[in-house]
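If you look up TrEMBL, you'll see A:803-932 marked as domain 'GPI ethanolamine phosphate transferase 2 C-terminal'. Annotation comment: TrEMBL describes A:12-33, A:499-521, A:590-613, A:633-653, A:665-685, A:705-728, A:735-752, A:758-775, A:796-815, A:835-862, A:883-906, A:918-939 as transmembrane segment.
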Amino acid sequence: METYLKRNNKKWIPLAFLLIHSVAILIFTRGFLLTRTELPFHSTCSDASLSPCLSNSDHNHNQKQPKCWTKPVVDRVVIIVLDALRIDFLAPSAFFPEAKPWMDKLTVLQNLAFGNESSAKIFKAFADPPTTSLQRLKGLTTGGLPTFVDVGNSFGAPAIVEDNFINQLVLNGKRLVMMGDDTWTQLFPNQFHKSYPFPSFNVKDLDTVDNGCIEHLFPTLYKDDWDVLIAHFLGVDHAGHIFGVDSMPMINKLEQYNKVLEKVVDILESQAGPGGLHENTMVIVMGDHGQTLNGDHGGGTAEEVETTMFAMSTKRHTPSVPPEFDTSSCKQDPDGKKICISSIEQLDFAATLSALLGISFPFGSIGHVNPELYALSSSSLNLDNIELGNSGTQPAVNEWMKNYVNVLCVNAWQVKRYIDVYSNSSVVGFSSDDMSRISNLYSAAEHHWSNSIKHTLMDNDGNEDSTNTSALKAQIAAYLSFFSSVAELARSKWTEFNLTLMITGFVMLVISLILQSLAIFHGDKPFAVDSGLSTSAAFSLFIVLIRACSFLSNSYILEEGKVANFLLATTGLIKLRYSLMSKTMRKEAFIFLAMVSVLRVSIDIGLTKQAATSQFMSSSPTWMLGLAPDHPALTYASEIAPIVSVAVLICVLYRGIAKTHSEGIWKYVTVGSMLNYFLIALLWASESKIFVLDGFLQVIGGRNIIPQTVYAIGLLQLFLLASAHMFCAGKDKNWVIRAVALVSACSSPVILLSGKQGSMLALAYLLAGYCIMRLEGVERSTKSDGQNKFSKLDPLCVVQWSLLSVCMFFASGHWCAFDGLRYGAAFVGFDEFVLIRQAILLTIETFGFSIILSVFGLPLLIPIISQTPQAHGEKRHMLFQMYMLYGVISATTVTATILCVTIHRRHLMVWGLFAPKFVFDVVGLILTDVLICLASVYYL
Amino acid sequence: MKEAKKKKKKSETSIGVSRNGSISTVGVLSVYLINGLFLAVGFWVARNRFLVDLVSDPSLTLFLLWSIEFPVVVIIYSFLRKDPEKCSCSKAVGRSILGLISGAFMNALGAIALGAPIGAQYLPKTIHWSLLMSVFTFVPATVVFGASLTDWHRVFASMKPSGNIEHMILVPAYGAIIGGWFGAWPMPLDWERPWQEWPICVCYGAIGGYIVGQIVSLCLMLFLRKHKSLKVA
């Protein structure tokens with residue numbers, strides 16, 4: 001009875017840890033991985049009739065062009081993006097405590113902004129983290145706050161599927177020209193009328209993108225075949241990354257830009273006369289984010305989020321904004337002149353530009369039309385028919401406010417619509433408190449609108465009085481408070497980490513780690529400290545801790561495969577020393593080291609693949625074959641070797657079942673895997689050119705038949721194993737045969753999905769695992785204390801097994817990034833896309849070797865010797881301990897990763913490197929826990 | 001023996017060594033000092049005669065280091081060799097060369113298993129590095145023990161050295177290996193320093209570990225002697 005209880009107990013413990021880990025990770029993720037659902041809706045011109053605002057017809061029938069949501073106020077827009085433009089690159093040095101060498105270099109813009117007769121302005125622009133170019137461009141164009149995980153993102157491709165400013169321009173028949181950073185063409189593959197993209201990934205190249213931009217910019221400015229021009233310069237960003245802000249290349253870059261911008265302004269002004277190409281053009285020079293003095297960006301520090309924007313309209317007039325809505329801060333410049341810069345949020349960029357160009361606002365935009373930027377052009381709007389030169393006076397201000405309040409009305413309606421739709425359709429929407437607060441603000445503003453302002457505006461009789469003015473101001477203030485509370489809510493939801501949740505999750509994981517370590521000794525007799533064992537345990541602890549600490553540095557995460565391999569080889573050398581000492585198993589120790597060397601070559605190949613796409617790694621191939629990649633001998637070898645290794649695997653399995661005197665279901669399952677291996681070999685042989693099996697695939701009916709058969713046989717095997725476990729439980733206590741059956745059943749789909757390298761890796765894995773098993777306890781046998789060998793667990797061999805599985809993950813060509821997933825594997829055997837099925841296949845491919853096979857194969861590490869029945873109970877206990885230890889090792893690394901992302905949550909690479917690593921680790925840990933549960937049900 | 005007399009200039013060595021192959025602590029210290037001196041000479045030659053250092057030309061520097069250190073080590077340790085009567089000096093030199101090459105091979109294999117880069121441009125660096133490591137680890141042992149497997153096994157595998165000579169072979173050798181192992185740690189970091197390249201920092205680590213090993217072995221000898229004398233008393 002007691003043993004029965006104990007046995008059940010052991011099955012529940014892994015489940016308990018699965019639950020604890022899931023809860024802890026869920027809590028942490030809620031605090032760290034901010035998610036947002038992308039909505040597939042788009043705004044159209046006709047939507048505006050649903051709004052309570054003034055409709056098109058009654059206000060504007062005398063215009064030739066039908067207006068969309070708002071009246072267009074500029075005809076063309078030139079957007080020049082200078083990547084990583086700090087605020088102090090553009091704003092005069094008078095605004096900063098001390099003048100630095102890199103300040104006051106863009107003098108042409110400063111002169112324009114602070115000149116007497118110009119409609120130009122410098123803004124301090126606030127970006128929202130993450131301050132990386134791609135996320136910022138997404139934010140600027142959609143008017144939203146992109147997060148790390150925008151749910152609904154298309155598989156792999158970064159193209160923006162949400163409604164955005166560029167998309168709206170295309171829908172409204174505007175023609176776009178783009179030049180510079182090729183991120184734009186990745187985000188908007190089809191939207192540009194003309195594009196001149198240049199590669200942006202080479203950080204050390206300061207000039208290619210900029211020169212390409214300059215080359216195309218000036219000719220394009222003279223053409224009339226576009227409405228919106230986007231030129232994205234990268235030099236400042238790259239100079240910052242390589243040399244830092246306080247460096248000569250940076251200053252040279254800024255001086256170069258000054259010349260370019262001077263020429264741009266000259267061209268525009270030369271064409272700005274009545275009837276000219278640029279009669280009513282707006283020029284915007286802006287940064288997408290700032291940078292620190294070292295040139296880093298990505299996080300949320302003031303230096304990174306404070307960027308700048310310069311806006312100028314070619315139509316000259318003095319902007320008139322009521323002082324209540326003026327955000328400018330002013331200083332005295334050295335000459336004693338008063339100079340002012342205003343401020344703007346990048347969030348408002350999409351809405352403001354949409355209003356200026358008179359197109360419908362992007363559906364998901366939560367920004368509002370910035371009064372000062374809007375006023376730069378729009379104050380001229382209705383003044384043409386009033387007296388020119390009278391702007392800035394009370395009637396002009398009133399007229400502008402009337403126009404602006406109507407724009408805000410549409411804007412508020414659009415934001416409210418988005419918030420409502422979002423909270424209805426998203427899985428994790430806003431809380432009802434927040435929603436009701438926002439609804440109240442909105443309904444108050446709207447009530448005010450429909451009751452009073454609308455009529456005032458409708459009258460349009462031109463007699464302004466002070467009550468009117470104050471009513472308009474109150475209305476604008478009501479809208480602005482609505483907008484600011486929406487933005488605040490959105491920020492808290494989408495850009496701010498919840499540190500409390502993160503720490504709670506972390507602490508829970510640490511507690512579970514302690515509990516799990518205690519569980520290793522669960523039911524153990526007061527364990528005698530054996531000197532051989534304790535050195536081995538201390539060494540295991542040392543290795544695990546080194547690996548955990550290595551996650552605190554981004555460099556070690558990038559080269560995680562190499563680190564794991566280094567540690568694995570170290571354990572191999574230690575084992576070699578022990579085996580030399582005891583003069584046993586020397587062959588195994590050497591074979592193990594040889595297998596580690598094979599794996600490291602494979603890891604190196606994987607790293608070069610990773611370096612090709614990673615933005616953080618320089619690709620330096622550390623090894624080279626003397627042969628050309630298409631050498632016939634090499635192709636021949638690469639075709640033959642996988643098939644030979646499958647044949648070897650079949651032989652190994654055959655010998656495995658021939659040796660053990662076992663009958664029944666386990667044997668049939670193993671035979672099934674042999675059949676599967678054979679099918680895989682057949683598939684590869686028929687796909688390659690050197691065997692004359694071309695017609696074979698047609699005969700059997702397509703290349704999908706064999707993979708599907710393999711999956712079917714695999715499922716059948718698992719089903720048989722499960723039913724055998726249920727119905728003949730307790731009959732066959734021999735795990736070796738059961739483990740062989742289970743592992744071989746799982747391995748065939750894994751090998752198939754991994755492609756041709758799969759079989760070779762499986763062979764290397766098998767050999768290395770065999771050596772680990774043989775070397776288990778080699779340091780103990782030297783002591784030869786005559787005790788029962790099963791009484792104690794050798795932690796080092798479990799550590800080795802776990803390191804080996806990590807190495808397998810990297811050796812099979814994976815790395816912890818989303819572009820490291822092999823999407824092609826999801827379509828082995830299937831042509832059409834079904835989310836669940838393909839996701840399962842992708843998971844099997846990604847974690848097949850590193851988690852599925854290694855967890856199920858863990859019992860194989862127990863030496864086969866001594867199958868006596870009295871040893872069985874102890875062996876079962878040992879197996880339980882091994883599973884717990886394996887779980888502790890996995891959980892330790894994940895805890896270290898979590899600690900690392902908590903520390904580095906504002907690091908430059910948090911979204912590029914740490915967050916993907918976190919996602920992979922967490923998924924891996926949950927999968928490990930689930931599989932440990934299944935395995936302990938199956939084996940214990 | 002003839003050769004030994006010819007190289008009489010290291011008089012202090014002959015003072016320290018008694019006929020039965022044991023050596024006093026002072027003798028050990030002087031051996032270590034000579035080792036360190038010639039290591040420094042190697043660096044000096046590289047820097048002033050050839051105008052290179054480990055960072056600018058690792059292969060040449062390593063070559064200079066091991067080719068200067070190797071004869072010194074062979075000469076010093078051949079005074080300490082076991083059963084000098086049976087084994088002539090030329091034989092000792094011959095087996096030391098054999099030990100140098102096989103030791104280099106073992107070191108290179110270990111380094112590659114641990115992740116040393118493989119490829120044509122790294123080949124000379126790896127070869128010279130492993131030769132230097134071999135001078136630190138294998139050569140003294142081959143000179144002293146020869147092909148006596150039992151001695152090798154006792155000292156290196158079981159780590160049960162007896163006497164000062166075995167201590168001074170074992171501890172610095174392990175020091176060099178462990179130092180090299182730690183020296184590999186900064187390699188993946190993104191500091192973009194030239195010394196992070198293979199095998200520069202591993203060399204520094206190994207040399208540092210070797211020196212620490214020498215100091216530790218000296219301390220061990222002093223401690224053991226005191227212990228013994230205490231026991232005797």
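Cβ atoms are placed via backbone N, Cα and C, with glycine included.
A quick note: this is a predicted structure, and the numbers were derived from the prediction, not measured.
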Notebook entry, point to check: Counting Cβ pairs under 8 Å to the transmembrane segment (A:665-685), which of A:12-33, A:499-521, A:705-728, A:796-815, A:835-862 comes out on top?
Noted result: A:705-728
Note to self: Between the transmembrane segment (A:12-33) and the transmembrane segment (A:499-521), are there three or more CB pairs that fall under 8 A, provided the residues in each pair are separated by 6 or more in sequence?
What the structure shows: yes
Check: What stretch in A:705-728, A:735-752, A:758-775, A:835-862, A:883-906 has the biggest tally of Cβ pairs under 8 Å against the transmembrane segment (A:12-33)?
Finding: A:883-906
Notebook entry, point to check: Averaged over the domain 'GPI ethanolamine phosphate transferase 2 C-terminal' (A:803-932), what pLDDT does the prediction give?
Noted result: 84
Notebook entry, point to check: Taking DSSP states H, G and I as helix and E and B as strand, how many residues of the domain 'GPI ethanolamine phosphate transferase 2 C-terminal' (A:803-932) are helix, strand and coil?
Noted result: 100 helix, 0 strand, 30 coil
